[in-house]
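The structure appears right after this line, and notes come after that.
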């Protein structure tokens, strides 16, 4: 039985199918853009950021007490080296071995895709890549520790050659950062860790305070408050990776797909939060109905069934389409954070037709969790259809490129008339003169 979940099914033959799909997409976009469109939230974010900019540490401490209910002096913001070492020493040896292998997988992948090689060309032009000097990493810690977030954000920065990396994570009720997060920081050689979170952490990283030196880029996930803060400081004060919205998965499933596996993959995103989404597009109605039955069965066994059920009912659907062409079209339209393709031998061919996705998981043995924890690509991915114009976080995001131009006297003489002509058309006489004056020597 798929009791209570029948409303998730959208049949392509239904005259209202297009309207239902359009409404689903609009609802998802509204949830993803809440950090931008909530006026009350934005006013609070601006107020907090202004306080950090004007009062520094004093404001960070005040807002930490107000929002996190933890009282900290500025000299307590930074986690000591001893605390980092103790957390590392207390880690389970099996977990530590697993984390080390995950770190190496990420490091190897990020090194393979790294573009930071300087080039000089015979025409006098070139390009030089330099790493961003200082990066800030936001690591959530409210509901559960996320050591994978530390790995997926810090390691790409290290591969790029970023010399200074500061990690911020909100304090727990007694004022400490979760020891697993501290242990992973220690394992990665990160000794600058602050027990601050939320908007105040973003402000401290963006503006700098008496205790926290400003950074040049802020990366990492967080709730809608953190995302709103990142958006406010982006461009003027720092670069950011992206605005992270609710978790998403879109699954293209052929009749070869195992309905239990598809349902499990839907729930792996739905359990994140009530605003997460999990969408399936399939050309098999029997498979669609089997997925609904599996969802009901597996949902009953989930410890976090409340959030998962809300996610399924509000932002998740199983859509029966006419054919795989329609499934591909829908996938490109939704531009989801995670896209799974479970279509047997057709999976790779279908993947080649996808233009808009944060990451593509090909074949039945590649659940999203493989990318979340293990394979190597960062799990910091665009959400809310932003995969139409942005990409996963990589080592290349921590690079700046500097153009190089070196002309000889002969090269300048050869193009001087053309440059002067262009400058005169634009009415920039001094530009023209800066060339002509050299021609007379």
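Cβ coordinates come from backbone N, Cα and C, glycine included.
Heads up, TrEMBL stuff is auto-annotated, nobody curated it.
Residue 337 (active site, proton acceptor) counts 30 other C-beta atoms within 10 Å of its own C-beta, drawing on all protein chains shown. Feature annotation from TrEMBL assigns active site, proton acceptor to 337 (among others).
Here TrEMBL flags 338 (among others) as active site, proton acceptor. Look at residue 338 (active site, proton acceptor): DSSP puts it in a strand. If you draw a 10 Å sphere around the CB of residue 338 (active site, proton acceptor), it holds 26 other CB atoms from the protein chains shown.
Taking the Cβ of residue 269 (substrate binding site) as reference, residues of its chain lying under 8 Å away and at least six apart in sequence are, in sequence order, 247, 248, 249, 276, 277, 278, 311, 338, 368. In the three-state DSSP classification, residue 269 (substrate binding site) falls within a helix. The substrate binding site annotation in TrEMBL covers 247, 269, 272, 338, 372, 426, 431.
Annotated Zn(2+) binding site per TrEMBL: 269, 272, 372, 431, in sequence order. Around the Cβ of residue 372 (substrate binding site), a 10 Å sphere holds 17 further Cβ atoms from the protein chains shown. Under the DSSP three-state reduction, residue 372 (substrate binding site) is assigned to helix.
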Could you round the CA separation between residue 426 (substrate binding site) and residue 337 (active site, proton acceptor) to a whole angstrom and send it over? 44
The most crowded of the binding-site residues 272, 431, judged by neighbouring Cβ atoms within 10 Å of its own Cβ, is 272
Per DSSP, to which secondary structure element type does residue 247 (substrate binding site) belong, with helix, strand and coil as the options? coil
Whole-number answer please: how many Å between the C-alpha atoms of residue 431 (substrate binding site) and residue 337 (active site, proton acceptor)? 47
Substrate binding residues 247, 269, 272, 338, 372, 426, 431: largest Cα-Cα distance, in Å and rounded to whole number: 57
Around the Cβ of residue 247 (substrate binding site), other Cβ atoms within 10 Å, all chains included, total 24
